[in-house]
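Participant: I have a structure I would like to understand better, so I am pasting it below and will then ask my questions one at a time.
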Amino acid sequence: MSHHSSWRGHHCAPGDNNCTAGFKESLGSKNYKLLHVPFHGPTHSHHHEPPHPFPTVDVPDHAHYIIGAVILIVGITGVIGNALVIYVFCRSRTLRTAGNMFVVNLAVADFFMSLTQSPVFFAASLHRRWIFGERICELYAFCGALFGICSMMTLTAIAADRCLAITQPLALVGNVSRRKAGAVLAVVWLYSLGWSLPPFFGWSAYVPEGLQTSCSWDYMTFTPSVRAYTILLFIFVFFIPLGIIVSCYVGIFQAIRAMGKEIRELDCGETQKVYERMQNEWKMAKIALLVILLFVISWSPYSVVALTATAGYSHLLTPYMNSVPAVIAKASAIHNPIIYAITHPKYRAAIARYIPVLRTILRVKEKELRSSFSSGSVSSRRPTLSSQCSLGVSIGNAARANGRWGKKRLSSASDSDSCWTESEADGSSVSSLTFGRRVSTEISTDTVILSPGSSNSTASGQKSEKAHKVVSVPVPSITFETDSADESLSDGKALLLGGN
């Protein structure tokens, strides 16, 4: 009711008591009912509308709608893209290896990140406030923390796997199986769960943030408990994993540089092919690095905001500065499938093979499709580097060129089992393959074999001749041939045994 509007033309002279009394009489219950209009101001009567315990932010409506539209696009892309990654890597036999279990796990974490975060965020943005209650807020924030931490730890495991495959390939032969990869992933999930549960037990809390349309852990409250949780969270799930990733790629850079130098020193026609395979390995390692960098870049703005509030400068942060970095962080779930679709040849070929309707969208050529899958069907009995370089190499040089245990890097993981390589099945998944293998010894037909009689010649003459004559002897190598046409062991992971 507006008193001024109902008595807009009534004026009383100063000191006129009769006029004042008449004005008060007009405000009686009868006139109040006749002049009553809906009042939209604050009121103490809430029996017609349920209370809203969560606060709201005074921002334009279009800000909520824009953020809601962006998060909806991110969610749809993340769900569809990561579902395709999971389907293709589980369907394709050449991609179904122990190392690729890390990639599938990353896609699973990103899939559930998009599935649990985007629809709720979008619905809350349409209502311009949090509408789902306290329990759903806690569950929503818990899922975001769990899947975000799991993605970071999985990327760390991928970097470590790449580093070991390139720097210590022989150490992985027979030591990496699906069971061991599954054990690593179990540790990753338990570690992520351990850092996501404390807010349920009073160490920090899960509360609305930013524009009050999403929830996260409480990093705005300046208390010792909240600050301790935030600081330890960033140390153990962001900075330490990031340091491990950087160390792994520094080791990869150094190993590839050393391998290139050693291969160039070998004057043989096959070294160029080995060098090309090494370049392919480096290319796939760079793709992995790109995925990791995009993930770190996506979470960096959110990290800066949280650490700023933890340092005691939360008054400098606006609702936009809290919500926009949260959207960017959740968008990290879409980088993985997009990068695969653009750069990973075997993934592109598998998509075109199992989902033909996407072949035109990804522009997969027939040549690319044939070349990608032909590598999985060829025999693994390829000539080794030692047998190709046998001519003109002395006994001592043959042992050195064949990469005896002191030269592990020459048998690099150019065809290792991770998704980042050109040839997907290798020695690191030896224990996961079937036992129907044929062990063969390959001996070059161009070698000169000393007869038994010649070995009984004068010892001094033979020693003198061996010291000056360049003799090529066969250096047997053990290669494994699988029963499956799609799973083969590359020569880069064969066990090279130098002959005496």
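Cβ atoms here come from the backbone N, Cα and C positions, even for glycine.
Below are the features I grabbed from Swiss-Prot:
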TOPO_DOM  1-65  topological domain 'Extracellular'
CARBOHYD  ASN18  N-linked glycosylation site
TOPO_DOM  123-138  topological domain 'Extracellular'
DISULFID  CYS137-CYS215  disulfide bond
TOPO_DOM  204-232  topological domain 'Extracellular'
TOPO_DOM  308-322  topological domain 'Extracellular'
MOD_RES   LYS330  N6-(retinylidene)lysine
REGION    406-428  region 'Disordered'
COMPBIAS  411-428  compositional bias 'Polar residues'
COMPBIAS  448-462  compositional bias 'Polar residues'
REGION    448-470  region 'Disordered'
REGION    481-500  region 'Disordered'
Participant: Taking only same-chain residues 6+ apart in sequence, whose CB is under 8 Å from that of LYS330 (N6-(retinylidene)lysine), what do you get?
Facilitator: ILE71, VAL74, MET113, SER114, GLN117, SER118, PHE121, GLY144
Participant: Could you tally the C-beta atoms, other than its own, that fall within 10 angstroms of the C-beta of CYS137 (disulfide bond)?
Facilitator: 22
Participant: Could you tell me what the rest of the chain brings near the topological domain 'Extracellular' (308-322), counting residues at least six beyond its ends with Cβ under 8 Å?
Facilitator: 57, 59, 63, 209-212, 219-220, 222, 226-227, 230-231
Participant: With every protein chain in view, what's the tally of Cβ atoms within 10 Å of the Cβ of CYS215 (disulfide bond), excluding that atom itself?
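Facilitator: Cβ-Cβ neighbours of CYS215 (disulfide bond) within 10 Å number 30.
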Participant: Counting by DSSP secondary structure, give me helix, strand and coil numbers for the topological domain 'Extracellular' (123-138).
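Facilitator: Reading the DSSP string over the topological domain 'Extracellular' (123-138) gives 11 helix, 0 strand, 5 coil.
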Participant: Please spell out the DSSP helix, strand and coil residue counts for the topological domain 'Extracellular' (204-232).
Facilitator: 9 helix, 8 strand, 12 coil
Participant: Who are the chain neighbours of the topological domain 'Extracellular' (204-232) in space, where the CB to CB distance is under 8 Å and they lie at least 6 residues beyond its ends?
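Facilitator: Contacts of the topological domain 'Extracellular' (204-232) (Cβ under 8 Å, skipping residues fewer than 6 from its ends): 54-57, 59, 63-64, 67-68, 117, 120-121, 124-125, 127-130, 137-138, 140-142, 144-145, 198, 305-307, 309-310, 312, 314, 317, 319-324, 326.
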